[in-house]
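Database features, via TrEMBL:
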SIGNAL    1-16  signal peptide
BINDING   Trp54, Ser60, Glu73, His76, Lys165, Glu166, Asn169, Arg171, Gln183  chlorophyll a binding site
BINDING   Arg78, Glu127  chlorophyll b binding site
Amino acid sequence: MKTAAVCVASLAAASAFVTPFMGTQVAGRTASKAVVSMSVNDLLGADVETKGVWDPLGFSKDEAALFRRRVVELKHGRICMLATLGYLVAEVYHPLYDGKIPAGLGAISQVPMAGWLQIIAAIGVIELTVGKQDFENKAPGDLGFGLGFNPFPEDPEKFAALQLKELKNGRLAMMGIMGMMVQEGLTGQTPLAQLASGHISPFGDGQGAF
C-alpha cells in the first residue's frame, strides 16, 4: 500500500506540469485538442539537441504511433527522475522492511515475494486507472488530475520552456539511472559508496571489473 501511495502521489505531482496542450505546442501556435495522430513537427523537444529532426530509422513517419511514443517517453522520464533520486536516497535512508533491505541492485534479490506482488499489483492498478492515458481526449502526459500547475498562464512560450525542461530532465534521468545500475554491476559498489572510496572510474584503479 505504501508503494501504491507513493506512485499515485508521484503521478499527481508530474501531471501538475501538464496542460491539455502538452506535446502539441509548436512555435507560434498551439493545438486546441490533442489527437491520436501526431506529426513529428508538433512534438515539443523533437529537435532540441540535433538542431533538426534526427530520425535515421524513420520512426516519425508512423504518425499514429508517434503519439503513444511521446506518452511512453514522458512516463518513463518521470519514473526515472524518481528512480534516480530514490537510488541515492535509499543508500542513507531506507526504512521499509525494518531497514534490512540493502540499497542498489542488492535490493532486487532481497525483497520478499509478497513485496514484489504488492509492487506489481500497485503498478497494475495505477496503469489501468488513474495512470491510464486518454488517447482520444488528452494530450501526452495529461492524466486528468493534479494541480494543473502553470506559473505562466498568460505566456505559452514560457510554459512550453518549462515543459521542455521536464522532458529533457526525464531523458537525462533515463540515461542516469541506467548508468548507475550498470556501474554498480561492474564495480559492486553503489554510487555513494563509489564516491566515498574514491572509486570514480571503473577502469584501471584496481577496484572494478576493469
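Cβ coordinates come from backbone N, Cα and C, glycine included.
Source: prediction; values computed, not measured.
Here the features listed in TrEMBL are painted onto the structure.
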| residue | record | Cβ contacts under 8 Å, 6 or more apart |
| --- | --- | --- |
| Trp54 | chlorophyll a binding site | Asp47 |
| Glu73 | chlorophyll a binding site | Leu167, Gly170, Arg171 |
| Glu127 | chlorophyll b binding site | none |
| Lys165 | chlorophyll a binding site | none |
| Asn169 | chlorophyll a binding site | Gly77, Met81 |
Check: Minimum Cβ neighbour count within 10 Å among the binding-site residues Arg78, Gln183: which residue?
Finding: Gln183
Checklist line | Inter-residue Cα distance where the pair is Arg78 (chlorophyll b binding site) and Gln183 (chlorophyll a binding site), in Å | finding: 22
Next item on the list: Would you work out the biggest C-alpha to C-alpha distance among Trp54, Ser60, Glu73, His76, Lys165, Glu166, Asn169, Arg171, Gln183, the residues that bind chlorophyll a according to the record, and give it in angstrom as a whole number?
Entry: 32
